[in-house]
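One structure, pasted below without further comment.
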């Protein structure tokens, strides 16, 4: 499978094309729209989210609620385009002077993109913007729906925002609280501290980052491969996660703390039970060993840096005069960590489904489902 996206933050539309999805898979448009709406939510979001009401339009590749095997084309309308139509026009009528950006923002693609592509900063930031992730959520939700039909579950939580760290557990009640929380946390006391921290950051013109966790459950062992470097599933998941705007680090299982322990404290002892087959007594590896799933939940943690646009701007250099000035201010969020969690779940889902289709090549949903169930039976009998 593969996909491409196109579109600018303030252009008329975001578009996506994906191919390689088996035919006959059930796809529900409302479920995609719900994921898009979830991405728009969360404390700390900016004024743009009050303008947009993201919904997907399926242009091809799905008929009667089932994939056809043809490329799937998608689009999302940018409602804010109405306010930028003259500025973002493609022809000679474009107003190139209004909203021109001459003071690049530290931490953003502005300056480096300006140097690399020899184009205006406006053109750089329009494509580098995290607005692009709306389409990646839509594309990834197609993968989510197929994975769920196979019995695979993807969940996530926010572990920390700024200096506030959450107490985490793994019970049905806890995950219900996470799902109901605007912050996507299961710690009520922590949620109160997050609200207070957000108000402090907003009053100071600051922004906030955080640490997020994704869990992928009910995967069979053997997805990915140790045979070549580019087939290792943890490497591919890491690349997908790090490709999301503002994500600066990724870890699996124990992550970087593994370097602080003896090997006997890190590696997961193997057990066997006639009912469940082989299993691990712990999951410090985060569900991946040798680049392959081992049957335990895949646990991914990622760190999101604070958003580069600050309402109390840092210093920068004017591209024309070379004078030191304050960086430009674009309309932005104070905190988008819960929204980033939605994006990470969906980019991870795409990589997981791709790994499944590499192990079980299939042109149709029925072929994929049969291969998955046959292998599941084989694993349980070993």
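Glycine residues also receive a Cβ, built from the backbone N, Cα and C atoms like all the rest.
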Kindly point out which candidate in 155, 217, 331 is recorded by Swiss-Prot as part of the FMN site with 127, 128, 129, 245, 246, 290, 305, 306, 307, 308, 309.
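Within the candidate list, Swiss-Prot flags 331.
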Pop the Cα-Cα gap between residue 39 (NADP(+) binding site) and residue 127 (FMN binding site) into the table, whole Å please.
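Pair distance, Cα basis, whole Å: 18 Å.
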Within 10 Å of each Cβ, count the other Cβ atoms and name the one among the binding-site residues 39, 127, 305 with the highest count.
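Going through 39, 127, 305 one by one, the largest Cβ count within 10 Å is at 39.
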To the nearest Å, how far is the Cα of residue 246 (FMN binding site) from the Cα of residue 45 (NADP(+) binding site)?
15
How far apart, in angstrom, are the most distant Cα atoms among the FMN-binding residues 127, 128, 129, 245, 246, 290, 305, 306, 307, 308, 309, 331?
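For the residues that bind FMN, the greatest Cα distance is 44 Å.
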Compute the C-alpha separation of residue 305 (FMN binding site) from residue 45 (NADP(+) binding site), stating it in Å without decimals.
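That comes out at 15 Å between the alpha carbons.
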So which of the binding-site residues is most packed in, judged by how many other Cβ atoms lie within 10 Å of its Cβ, out of 246, 307?
307
